[in-house]
Amino acid sequence: MFNYEELFQTYKTPFYLYDFDKIKQAFLNYKEAFKGRKSLICYALKANSNLSILSLLANLGSGADCVSIGEIQRALKAGIKPYKIVFSGVGKSAFEIEQALKLNILFLNVESFMELKTIETIAQSLGIKARISIRINPNIDAKTHPYISTGLKENKFGVEEKEALEMFLWAKKSAFLEPVSVHFHIGSQLLDLDPITEASQKVAKIAKSLIALGIDLRFFDVGGGIGVSYENEETIKLYDYAQGILNSLQGLDLTIICEPGRSIVAESGELITQVLYEKKAQNKRFVIVDAGMNDFLRPSLYHAKHAIRVITPCGGREISPCDVVGPVCESSDTFLKDANLPELEPGDKLAIEKVGAYGSSMASQYNSRPKLLELALEDHKIRVIRKREALEDLWRLEIEGLEGV
């Protein structure tokens, strides 16, 4: 059992705490699921891009799914090889494209004809041939939160099959483009196997037709991964997920690329916070803690529910419903409504669970609140993997603007 009290003697709340053994096992589970087939697991940095987490995954052989030049540079800094990096995203700038091509990453996932032509122009100016993949929008409902559904025709992502074919043929004729992969990503937090299997089958058929047209595909890039059980939902078994993809690729000699993020890191993380006050208003009980929505946005943005565990021993205290809220000046700064928790006192410690994904990576300095300390638990030892920002860090990049005023 982990001794939190020793931790609290050294580190002040709030802070993130990650169990690196859980991250390692989650990644190895993906490798095992695709064992026996040429595959590359490209961790999606958007879930959590802490350098120490990336370094851990790099040492396990991970690639990287990146959506900005900043993420690409983070991946490289952590030791992920350029030939294991794919660059996705609907709005890559010309600067980002040029930098990615100069770094000789594995390929760029292209999301529009205009982007394809931009890549061609930049590749020509560099005198190189750009490896590209085209993201196909299969128009399949992922049955997930609408904010993270990405595979329907009304979503901004990817292109329809007809346009994809035109883009592949254009790229095939170009002296500066090399089409090497097909790509699709229907959404995040998938809890139903059928949509991902259907999408895989549909895009696999497209891949076969492209190969028949003489396009030398080498990769089959499946965006995303399986969902996480935040509220005791039934989740997809990783073996079934992998088999659904593998079965769709019968007759195709392509390397599978899988891009999990949430399912690698979510369950590893806790946000440790302490009670500041309790109050009642209109018979409503509020527990006010020192972490805020700027530190962990998912409950406010997606109405996501994360279990909250009381760390401080509270035996014998009366249990009743309460809203656990933060100090930010927004009514949406609420971590959990109607949580059944014991009567709490200032200084009592709580853990908000399964926050390893889309926690620190979505954090901000809203209300001029410094970003949090991040700790890793590895081999029964604690180490700092991100220092807490100082107050001075809030305005460090603005000081020059005061000169001469």
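Quick reminder: no glycine exception, Cβ is built from N, Cα and C everywhere.
For the substrate site, Swiss-Prot records ARG298, TYR302, GLU330, TYR358, and the single candidate of ARG218, ARG262, ARG388, ARG396 listed with them is ARG262.
When Swiss-Prot records GLU259, PRO260, GLY261, ARG262, TYR358 as binding pyridoxal 5'-phosphate, the matching candidate from GLY224, GLY225, GLY316, GLY401 it lists for that site is GLY225. Using CA atoms as reference points, the recorded positions LYS46, ARG298, GLU330 were checked against GLU259 (pyridoxal 5'-phosphate binding site), and the closest is LYS46. In this structure, the C-alpha atom of PRO260 (pyridoxal 5'-phosphate binding site) lies 32 angstrom from that of GLU330 (substrate binding site). Long-range Cβ proximity for LYS46 (N6-(pyridoxal phosphate)lysine), meaning a same-chain Cβ under 8 A and a gap of 6 or more residues, is found for ASP65, VAL67, GLU71, GLY261, TYR358, SER361. Residue annotation for substrate gives ARG262, ARG298, TYR302, GLU330, TYR358. The furthest Cα pair among them is separated by 27 Å.
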